[in-house]
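Report on one structure; see the data block that follows.
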Amino acid sequence: MKKITALVHNEFIKEFSKKSLLVILALVLALAAAFPFLSSRSWGGGDDSEYLERQLSWNEESIDTAKKTGDKSMLAYFEAERDALLIQKELGVTRYSDYRMDLINQYSALLQSQKAVEMASQGSLGGDSYLQLPPEAAGLDREGLKGLAGQIGAKVQRLLTVLRSGDPMQVAGYNLEAQQVALQNDLDQQKAAEAAAKADPKDEFLAREAEAAKKTAEMQRARVALYQYRVDHKIGYGEDDYRSASLQQMEQNLSLQYEIPLDEQQFLSSQKGGQFAANMSYQQYLENLEKAAQESAEENQVLQYGLDNGVPPLYQSQKDPRTAAMNILNLGMLVSIVAVILGGSSIAREFSSGSIRLLLTRPVRRWKVYLGKYLTMVLVSAGLYLAMFLAMVLSSGLQLGFGGFASPVLAFAGGRVVSYNFWAYCLPRMAYAFIGILFTGSLAFCLSALTRNTAVSVALPIAANMGYSLVFQLCLALRLYFVRFTPVPYMDMGSLMGPNAAYQNKMLLQNYGFQLDPLYGGIMMMAFVALFYLLGLWAFAKRDVTN
């Protein structure tokens, strides 16, 4: 043990005497410290004011074209679009993540509907037109159309007043009213569908339509409850407000929670079109849909618990230092590169320089020399990973406040919402993510012993680390689904622990009929680490230094 410790100590001195390694480590740590600042600046998206100006320019060109061609419907369409763009410019809505953007789109659509109804009331709206009449215009005479145009005009003015108020709660109230109207429409459709199904109970199509209408109404009722919660608790639309982000995420989850399943014929047709995996059965599709709905419902329970108890869920706010610090899971590739440089050059460099002869003249067995070099690579990589995390904790704490780290992390387990200490939640996930780093470094170390060529030992693992995602997507496109049993999709273990892991697995399940299993991936990758170590040790112990 003392000899191995001495070997590791000597390797540390040898590696850290290189200025190039010190520069790399300093750059990686600096990037880790800056990452929370950079990620918080890009959270809400960039400023699209230049694109807005280009849209106005294109709009004016379209208006000029309409005037030259005498196309009245085209002119009315682009004039309505221009008015909406000018309102957008007036209010300074230059980001698509701005909560007012949806209302501006509604404003544009209402203006176009108003112009379409006005032209129809004058008999000047042709069949081939840029403008489309709203459904409520069906069957109306000219007087009825004039009345409808007035009603739409009142809606336009109401919406414009809400937009110009600058009050998020007025926007929330307006959205709530719109959702309540939509709920009433869905309830009416449900009632009609159930009546039709009751009148002809043997018709399976009508039964499915009634069930779909019921599910749609249930989803809309849940959506109204979310909008009502926002109004009752006076929750605005701030991008750094975890409450608003939670409500928006819950609304998105409703579409999965209440998704209406396809019938078997629709499923087979969609499967032929490539929407689902070729090897997926209809029963598997239904099971996957049920599983996705259950996971969405569980996530909504976690988010609702956070809202009710004032606990910010992880990844729901750019002002949460925990979220900024957890970005460490996204930086595993940087540590992998350092591990590859250390592992790929450790043994090959000794052979290329000839210093291996001097090293092996010591009264130390080869396996101990090999283990000492391997442990140096592992310890430096692990130390760098931990130092990066501490740098990110420090920088995010200085930027956002250290008090946020005291908030627990919420999760769903055992049929209920549970809370974890942040450190107890984060550190095991970092340890799991480190398996991917260890895999890449061990591969480089093994190649270094096998090939004794630094270039090959470094280039191949880095290429694998950077190209695994492309290989995985290519295999999926070619329907080579066995790839899920190989190391390819598990190269970046941190991604399986990050905020997008659940969404990625949902998409894999829906499109290809399988999910990535973190437990299987961890065991497999550690098995490969052991294999690489033993293979490299065999080559190092058996080969003569002159070979």
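Glycine is no exception: its Cβ is also placed from the backbone N, Cα and C atoms.
Note that the coordinates shown come from a computational prediction; the quantities given were computed from them, not determined experimentally.
What TrEMBL says about this protein:
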TRANSMEM  328-348  transmembrane segment
TRANSMEM  369-394  transmembrane segment
TRANSMEM  400-418  transmembrane segment
TRANSMEM  430-450  transmembrane segment
TRANSMEM  462-482  transmembrane segment
TRANSMEM  519-541  transmembrane segment
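When Cβ-Cβ distances under 8 Å to the transmembrane segment (430-450) are tallied for each of 328-348, 369-394, 462-482, 519-541, the top count falls to 328-348. Tertiary neighbourhood of the transmembrane segment (369-394): same-chain residues 4, 7-8, 10-12, 15, 25, 28-29, 32-33, 35-36, 321, 324-325, 327-328, 331-332, 334-335, 338-339, 342-343, 346-347, 359-360, 405, 430, 434, 437-438, 441-442, 445, 449, 533, 536-537, 540-541, selected by CB-CB distance under 8 Å and a gap of 6+ residues from either end. When Cβ-Cβ distances below 8 Å are used as the criterion, the transmembrane segment (462-482) is approached by residues 277-279, 333, 336-337, 340, 440, 443, 488-489, 491-492, 511-514 of the same chain, each at least six residues removed from its ends.
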